[in-house]
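Colleague: Features from TrEMBL:
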type: COMPBIAS; residues: 17-31; note: compositional bias 'Basic and acidic residues'
type: DOMAIN; residues: 69-200; note: domain 'Heparan-alpha-glucosaminide N-acetyltransferase catalytic'
type: REGION; residues: 1-31; note: region 'Disordered'
type: TRANSMEM; residues: 75-94; note: transmembrane segment
type: TRANSMEM; residues: 106-127; note: transmembrane segment
type: TRANSMEM; residues: 176-200; note: transmembrane segment
type: TRANSMEM; residues: 221-241; note: transmembrane segment
type: TRANSMEM; residues: 325-346; note: transmembrane segment
type: TRANSMEM; residues: 358-378; note: transmembrane segment
type: TRANSMEM; residues: 384-408; note: transmembrane segment
type: TRANSMEM; residues: 429-448; note: transmembrane segment
type: TRANSMEM; residues: 476-494; note: transmembrane segment
Amino acid sequence: MEDPKRVEEGFGQTPLGHEDDSNDKELEGDNKCDNGECFDNIAKENGSVATGELTGKEEAPLEKTKSKRVATLDAFRGLTIVMMILVDHAGIAYPALDHAAWEGCMLADFVMPFFLFIVGVAIALALKKVRKIKDAIYKITLRTLKLLFWGIVLQGGYSHALADNINLAYGVDMKLIRWCGILQRIALVYFVVALIETLTTKRRPLVLSPGHLSIFTAYRWQWIGGFIAFSFYMITTYSLYVPDWSFINHKEGKAYTVKCGMRGHLGPACNAVGYVDREILGINHLYKSPAWQHLKACTLSSPRSGPFREDAPGWCHANFEPEGLLSSIPAILSGTIGIHYGHVLMHFKGHSQRLKQWVSMAIGLLVLAFLLHFSHAIPINKQLYTISYVCLTAGAAGVVFSGFYILIDVWGLRTPFLFLEWIGMNSMLIFVLGAQGILAAFINGWYYNKPDKTLVTWIQTHIFIDAWHSRNLGTLLYVIFAEITFYGVLVGILHKLGMYWKL
């Protein structure tokens with residue numbers, strides 16, 4: 001635990017330029033926010049932004065004021081962490097909270113792109129000024145490697161904390177380790193978006209030209225990078241030939257063959273996303289419980305998980321990586337849209353100007369997503385990270401972010417959202433202890449007589465499930481009060497002590 005008191009990047013890492021070391025001055029961008037004034041302070045730095053009315057004339061340098069922490073940023077990040085815990089631990093009781101089995105979008109499907117969106121916003125604020133590009137690249141690379149390391153440790157199979165309530169073992173067979181995951185995808189998006197932002201720092205305008213679209217042309221390199229990622233993904237997805245493939249299900253000890261021999265297929269069996277992961281990573285290194293197992297073709301318990309149908313096709317028994325290689329390429333667009341929202345925050349002083357930019361883009365993205373999906377051109381699909389899914393989730397993130405901005409920074413209603421702010425300021429800690437079940441597994445290490453008789457299982461059973469005479473409702477209430485509320489209080493105390501976990 002450290003005492004940075006300024007934690008802005010994605011999962012709680014201190015942003016570049018926010019280090020406490022007084023000698024670490026190569027980057028500037030103080031992003032600390034103790035009240036709703038932070039956005040206006042960002043907009044006043046040394047004439048580096050246009051006025052609220054976008055006159056196109058360079059303003060005289062303003063006196064630099066001490067920036068304060070961005071409350072909306074923390075609240076949004078905190079909301080995303082809360083969503084993650086809720087859908088991961090209560091989704092088994094209420095399928096509506098879980099991931100869509102294939103096409104469509106459920107609550108759980110918003111978590112990953114919301115993280116990428118807020119990472120992009122944070123990058124824009126953290127890299128407002130870059131004095132030494134080499135030092136910045138070093139820090140970006142180091143932070144990326146840290147995210148990759150923690151991702152493999154937490155989701156690669158080494159920790160068995162989430163396997164079940166009584167599994168206390170650690171360790172992973174390297175032949176079966178999972179290489180991809182949530183933090184790994186965030187690491188990739190963070191690295192690409194932050195690198196483009198750093199390398200184009202000298203091409204940034206001091207003052208925007210007049211016009212609603214000037215913010216896009218001013219940061220065209222970020223959008224060019226996103227377009228390249230989108231183009232590569234689309235070309236590969238629709239042109240790559242997917243042959244027949246075979247695999248062995250080690251749990252069943254049975255071999256399966258899946259017939260394909262096609263291009264441009266977006267179904268579970270023969271899509272290019274799965275083919276690339278199987279060829280490069282190997283099928284044994286992919287996620288072993290894909291959401292497609294909830295499809296009616298796979299189980300009669302659909303939309304819940306359950307035993308496979310006797311006539312289930314072979315691909316139902318296969319591994320599939322929802323955070324795989326090819327599907328992570330369009331995820332860069334989620335970060336690109338997020339950094340655009342951060343650029344708007346920097347360049348526009350007035351609340352109305354910012355909201356006009358944010359809301360108009362969010363609505364446009366949502367309309368495009370629905371048009372693509374309901375016209376059957378490109379379905380909304382989290383597993384494939386389709387462009388319609390990018391638009392839907394980024395548009396939703398923009399609406400929520402704008403709503404938080406109005407409530408917290410325009411209307412000054414910060415107190416009701418302090419709980420989310422605390423979680424957002426220590427999001428990495430909550431991700432490890434709560435979302436990945438590390439704290440629960442640690443407590444389960446002390447049991448009475450049998451491994452299934454622990455404090456955690458006793459609280460779940462007697463205080464929630466038995467008391468409400470419903471396993472589903474009891475599970476939901478347990479997650480809300482014994483997990484989310486508990487962790488919120490914990491990080492609130494740590495916040496008062498000035499203690500945060502940074503990367």
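Glycine is no exception: its Cβ is also placed from the backbone N, Cα and C atoms.
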Colleague: Are the transmembrane segment (176-200) and the transmembrane segment (476-494) close, by which I mean at least 3 Cβ pairs under 8 Å that are 6+ residues apart in sequence?
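Modeller: Result for the transmembrane segment (176-200) with the transmembrane segment (476-494) is no.
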Colleague: Over the domain 'Heparan-alpha-glucosaminide N-acetyltransferase catalytic' (69-200), what does the predicted model average in pLDDT?
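Modeller: Result for the domain 'Heparan-alpha-glucosaminide N-acetyltransferase catalytic' (69-200): average pLDDT 89.
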Colleague: Should anything in the same chain at least six residues away from the transmembrane segment (476-494) have a Cβ under 8 Å from its Cβ atoms, list it; otherwise answer none.
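Modeller: Sequence-remote neighbours of the transmembrane segment (476-494) are 1, 82, 85-86, 89-90, 93-94, 418-419, 422-423, 425-426, 429-430, 433-434, 459-460, 463-465, 468, 500.
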Colleague: For the transmembrane segment (221-241) and the transmembrane segment (384-408), decide whether they are in contact, meaning at least 3 CB pairs lie under 8 A, counting pairs 6 or more apart in sequence.
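Modeller: As far as Cβ distances go (cut-off 8 Å, pairs 6 or more apart), the transmembrane segment (221-241) and the transmembrane segment (384-408) touch.
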Colleague: Taking residues 6+ outside the transmembrane segment (325-346), which of them lie with a CB under 8 Å of any CB in it?
Modeller: 39, 42-43, 48-49, 112-113, 116-125, 128, 180, 185, 188-190, 192-193, 197, 215-216, 218-219, 222-223, 225-226, 229-230, 232-233, 236-237, 272-273, 276-277, 280-281, 354, 357-358, 361, 365, 383-387, 390, 393-394, 397-398, 401
Colleague: Please spell out the DSSP helix, strand and coil residue counts for the domain 'Heparan-alpha-glucosaminide N-acetyltransferase catalytic' (69-200).
Modeller: 84 helix, 7 strand, 41 coil
